[in-house]
Every structure is written in structure tokens, then in C-alpha cells.
Amino acid sequence: MRIEQELKLGFKDVLFRPKRSTLKSRSQVELTRNFTFKHSGRQWSGTPVIAANMDSVGSFAMAKALSEHGVMTAVHKHYTVADWAEFIKENDASVLKNAMVSTGTSEADFQKTKDIMALTDDLIFICIDIANGYSEHLVQYVEKVRAEFPDKVISAGNVVTGDMVEELILAGADIVKVGIGPGSVCTTRVKTGVGYPQLSAIIECADAAHGLGGRIIGDGGCSCAGDVSKAFGGGADFVMLGGMLAGHEESGGEVIEQDGKQFMKFYGMSSQSAMDKHSGGVAKYRAAEGKTVLLPFRGSVHNTISDILGGVRSTCTYVGAAQLKELTKRTTFIRVQEQENNVFGKE
């Protein structure tokens, strides 16, 4: 047993220190990033925010809506090959280039991914997703997928430390997904005692990834636009959002009426709700590690994503970053014990 004494930080522990800026307006800030990925050599241009691969967020409808903003969607893995064929038939490359094909690590998952990717050359992203990215099985699976798809962009996770980021990149991942337990409907930290404060995880993992020419996704922990900016400021190349994009008509969640008001069900992918739906219940050897909540129905996602991106632009103006890629270089975080004045409640 050993104890690390260094303090690790979450988004609530810091604020940006404002800096002199020559920008006159938020409209001058460029959020588009251009990436060339390490192993695949693929190029991608867009706004590096990703809707999470949860079946009450990462739907086909979400992918179509967010592509209008240049934003990506990690489409959840529970669509069938036939579902994908229909989606591909109805949408062009401008939508498909922003859709990630999510997969687990079983042999059936591998075959399904091959079948989906064979439908079109316009799909370029594969998201390999398991809860515990520290498994040697994941490293071996990344190697297998890389051998099968040498020209596709592969994301793999989730992990929270630089050593595992490096191992996954060396195995063939272009992008590593960072985050264990910070999500709004994730209870892994409570059920297992395992986790890592998200901002420190991003800072440390970004350093490891960038040293090898890889990229990271900050996955989870964001509850407001300011948190998204903090993730970018900490070095995240992409930021993945679940709860902030849940509850919309494009989210794919179940709509429930109570007392004349509409709500949408939102749940973690290791929750009892998810396992009842997709796995026939919680296996005897495991515990559910997610919660189920009802969110007030929020209408179209277009207003929400515009508000989030507007907040990130505003952050950039406060620190003098004319482009999103400059934000981390312009970032100085100050440690704080307060974030906002809640005398009239939270927004």
C-alpha cells in the first residue's frame, strides 16, 4: 500500500485567471480544430465536442443535429447493422464524418464493427469503450482493431493516468478516452472507491498523449460550459458530454409524463436500467455502477449546444485566445474554494 500526497483537482477546484486580450468580440474566436491522427494519418476538422456513447444521448438523431454545428457524436453500440445501414442511406458524408462507431471488446462486437465499417468509407472513427481501460484485454483488442482498420481513427478507454495512455497509443489508439467515475449518472467512485479527479486526469493524460503524438478525450465531469472550457484549458483535445446533452428530443431517451409535465429518462450505461434493457439484468457477480434520473424535457439540442459553444468562446476572450487551440497555452488556473454566488439558486 502507498499513498500519493499530491493534491488532485476537479473542475470545481479552479477558475481561469483572466488575461489581457486584443479580442473585441466572442465572434472573433475560432473553435474549429484541425487534427491529423497519429496512426491512421486521417485528417479531421470540426468543433472538438463529442456527445457521449450512451443510449439516452448518442443517438442517430443527435449525430445528425450536432453535425450541423461541426460537433461529433459517439453513437451508442446498441444499434444494429441494419439500423446503421438505414442511417447511412439517409445521410451524407458531412454527417457520417462526425459519427463515431462505438464498440465493446467481444468477438461479436468485432464482427459487428467490421460489418458496419464495410457499409461506407465515410465512417472514419471507431470508439472502443469499456469501463476499466486498465485491462490487458483492451490493449490486445486495440492492436487487433488497428490491424483490421489501419486507416481508421481509433479511440480507446477509459483510463486516467499517463502510463496507460501511453500503452494504448503505442498499441494503436489515435485517441485515448480519459475519465473514471466523474459522470453525472456514474456511481463507480461510490461503489468501488476507484477514480481520479477529472481535471488532474486530463492535465496528466494530455501531457503523456501529446508526447507520443496522440490525442485525448476528456470524458465526463462537465456540468456547465465553464467546465468544458476548463477541460480544454487543461489540455483535452476533445471533450465528451453526457448529462449536458441528455433530455433533448434528439437524445433518444424515453419520454415520461408526470403531472402534465414531460420528462426524459437518463441513466448510466452500467446502471440497472441499462443492464435490464441490454443484458437481461445485473449479473450475480457484479453491482450496478450507475443511477437513473428523470430530466425535464429540454426540447431541441440546438439551443443547448449553441449555449455551450458560446460559453467556450467567451472563456477564450477572457484569456486572450483567438483560437481554441491556443486556450491551453493561455490558461492559468487559480485554486478556489468558491465558484459562484448561489443566493438565488443555481442557474
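A Cβ is built for glycine as well, from the same backbone N, Cα and C atoms used for every other residue.
Here is what Swiss-Prot says about this protein:
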- C186: active site, thioimidate intermediate (ACT_SITE)
- 108-131, 216-239: NADP(+) binding site (BINDING)
- G181, G183: K(+) binding site (BINDING)
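Shown on the structure are the features that Swiss-Prot records.
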residue: A108; record: NADP(+) binding site; CB count, 10 Å: 9
residue: K114; record: NADP(+) binding site; CB count, 10 Å: 14
residue: T120; record: NADP(+) binding site; CB count, 10 Å: 16
residue: I126; record: NADP(+) binding site; CB count, 10 Å: 27
residue: G181; record: K(+) binding site; CB count, 10 Å: 24
residue: G183; record: K(+) binding site; CB count, 10 Å: 27
residue: I216; record: NADP(+) binding site; CB count, 10 Å: 31
residue: C222; record: NADP(+) binding site; CB count, 10 Å: 27
residue: V228; record: NADP(+) binding site; CB count, 10 Å: 25
residue: G234; record: NADP(+) binding site; CB count, 10 Å: 28
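For C186 (active site, thioimidate intermediate), the spatially nearest entry among the binding-site residues K114, T120, I216, C222, V228 is C222, judged by CA separation.
Of all the Cβ atoms in the protein chains shown, 25 others lie within 10 Å of the Cβ of the residue listed as 'active site, thioimidate intermediate'. G234 (NADP(+) binding site) and G183 (K(+) binding site) have their C-alpha atoms 18 Å apart, to the nearest angstrom. Rounded to a whole value, the Cα-Cα separation of G181 (K(+) binding site) and I216 (NADP(+) binding site) is 17 Å. A strand conformation is recorded for I216 (NADP(+) binding site) in the three-state DSSP classification. K114 (NADP(+) binding site) sits 30 Å from G183 (K(+) binding site), taking the CA atoms of both as reference points.
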